[in-house]
């Protein structure tokens with residue numbers, strides 16, 4: 001009878017562990033082969049051994065807490081002890097095959113015909129218009145809705161995404177597969193996670209292309225609903241590489257109301273004419289500063305966002321909407337410096353509502369059927 005009870009308890013514990021999600025891979029630890037052993041005592045004490053992917057796993061404390069909490073909630077258990085071990089090279093190889101398939105060369109999942117991930121390349125003409133701020137806030141707002149979101153900091157020379165997302169974690173590497181850190185429920189990858197301190201990255205075009213290719217192919221993104229790429233300003237090497245590596249990526253153009261900035265933003269959007277990309281819309285940032293008396297000061301002028309949308313619509317022969325106008329507010333700057341996007345810290349503010357509205361519009365869109373395999377054979381009846 002004791003053996004039966006122990007077997008029932010072990011089964012209940014394993015079921016509970018099946019609900020423990022690995023914080024990096026976002027899959028149950030039982031499915032990933034991370035449960036090494038479960039031992040129970042006659043008094044209900046439990047000893048669970050867990051495999052970590054690498055010895056210096058940055059999430060080992062979080063995994064231990066999740067396992068302990070899950071086992072402690074199982075009826076009939078008393079004291080819970082969790083021990084950690086490390087996967088062997090063979091186990092890591094099997095894990096990589098399980099996640100990525102037994103492919104010799106990594107592929108870019110978002111460029112495959114059957115990919116359902118929406119890819120938005122956030123572009124601007126000039127620097128300093130708030131492109132990265134818009135990117136992180138849209139990502140966080142989408143994640144709040146329960147979507148699986150990733151952000152790729154493609155601005156290699158001017159990287160700022162980790163700081164604005166409040167993460168200093170480094171990626172975990174399992175063989176050639178890179179596991180991106182997660183901040184505010186968003187997967188984040190940036191060259192800043194591979195450099196020391198504020199070291200500048202001094203690379204030319206071919207190196208930039210290779211880095212972008214590795215971020216897209218070697219990083220294990222999982223099943224994303226939306227991937228946001230924070231592009232560098234202008235129409236240089238990275239923008240061209242994105243069009244080559246992910247032809248289905250759609251452009252989101254960020255500008256300020258200033259006409260000079262709008263003209264440059266128009267050039268950044270017009271790259272779509274040469275790369276055959278779709279422009280999903282325009283976002284106007286720093287639209288106006290609300291004063292204490294309720295009036296609005298147009299610090300950077302007005303009309304730039306609408307002008308860009310109208311001119312791009314004429315250029316591409318399709319509607320390019322002005323998706324939103326984000327007010328100028330020091331709180332948005334402070335939120336970026338603190339590492340907590342404003343859509344999370346002040347969701348009910350005017351800026352928060354506008355950003356959430358833009359995110360809603362982008363989240364509810366579905367990828368078109370162009371380039372996708374429908375699994376139909378016209379020769380069969």
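Positions of Cβ are set from backbone N, Cα and C atoms, glycine also.
Look at Swiss-Prot and you will find 125, 126, 127, 128, 129, 130, 131, 132 tagged as ATP binding site, backed by sequence analysis.
Around the Cβ of residue 131 (ATP binding site), the number of neighbouring Cβ atoms within 10 Å comes to 28. Within 8 A of the CB centroid of the ATP site residues 125, 126, 127, 128, 129, 130, 131, 132, the other residues of that chain are 124, 233, 254, 256, 261, 285. Counting other Cβ atoms within 10 Å of each Cβ, the lowest count among the binding-site residues 125, 127, 128, 130 belongs to 128.
Within 10 Å of the C-beta atom of residue 132 (ATP binding site) sit 25 other C-beta atoms, taking all shown protein chains into account.
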